[in-house]
């Protein structure tokens, strides 16, 4: 497709990586941030020294403070932490007809999907989600991967696909917005659990058992919310889960590993220095489980550890003591 004018909300590692990708694809990109010092540094050096150092941002990207100027763009990418989405989106000015939610989380107090939050803030926009096994550093490096663009309108999904598609980033389309978005949010909780397993010194068998049962729980709550179970077996589900739950590039994995090694949540978050979406999402998943009457023991175990109710060791022991039922494995 031809050149588009794109706004990217969020000057963290993820927003920067997507800015680099879109600019390399020939689009005119405006990266919007909240920190004046960071925006000034981006303008002067064309590098995000704080969150994604070592990568030069192409010349067809510009940088601006959020809410400073009214932007009439063809596509808006939301790449801020889920807890900030409602506030950030409500502050943007101008025309934003097509919105791509790249934030992977749930709104903590309401358990709403990010597309729901954006639709409330921008009711006239065509809103969908882009998700998959997409670690920011690897995107910036141009390492091959895939993603899924999910919209209720196939035309909108194809426009997003065409904007992001390149030899190293292949995008497929879907109309299962709930499934694609829920998979991207929930795998962060499981990634914390995968990190905890490694931090406790357990082997690959333990992590494989934990993640496979967690994947079935993802599909179970997804089905209860109207998603298609097969979505969780694709790039947005098992693909993103595998990339996030085993990689030291993953913030959620690193947080979980620190917990498994004995740090408190406060210590682990301080070491991380960035947002780990799995923490607020864990509590939101618990709310969804209760609303929909779905049993999610793996997710509840991670939530219990994060709330300080049990130790990581005790959480594993409780899961192993749980009576195994056939539907733990067939959904």
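Any Cβ shown, glycine's included, is placed from N, Cα and C.
What you are looking at is a predicted structure, and each value in this text was computed from that prediction instead of being measured.
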Further binder of NADPH named by TrEMBL next to 13, 14, 34, 51, 104, 136, 275, 277, taken from the candidates 159, 161, 251, 254: 251
Set of same-chain residues at least 6 away whose C-beta sits under 8 angstroms from residue 34 (NADPH binding site): 11, 65, 66, 88
For the domain 'Glycerol-3-phosphate dehydrogenase NAD-dependent C-terminal' (176-316), residues assigned helix / strand / coil by DSSP: 109 helix, 0 strand, 32 coil
Distance from residue 277 (NADPH binding site) back to residue 252 (substrate binding site), taken between C-alpha atoms, in Å: 7
Conformational class of residue 34 (NADPH binding site) under the three-state DSSP mapping: coil
Alpha-carbon spacing, residue 13 (NAD(+) binding site) to residue 240 (sn-glycerol 3-phosphate binding site), which is rounded to whole Å: 17
All-chain count of other Cβ atoms within 10 Å of residue 251 (NAD(+) binding site): 26
Listed in sequence order, residues not in 104, 251, 252 with Cβ within 8 Å of the centre of the substrate site Cβ atoms: 188, 191, 244, 250, 275, 276, 277, 278
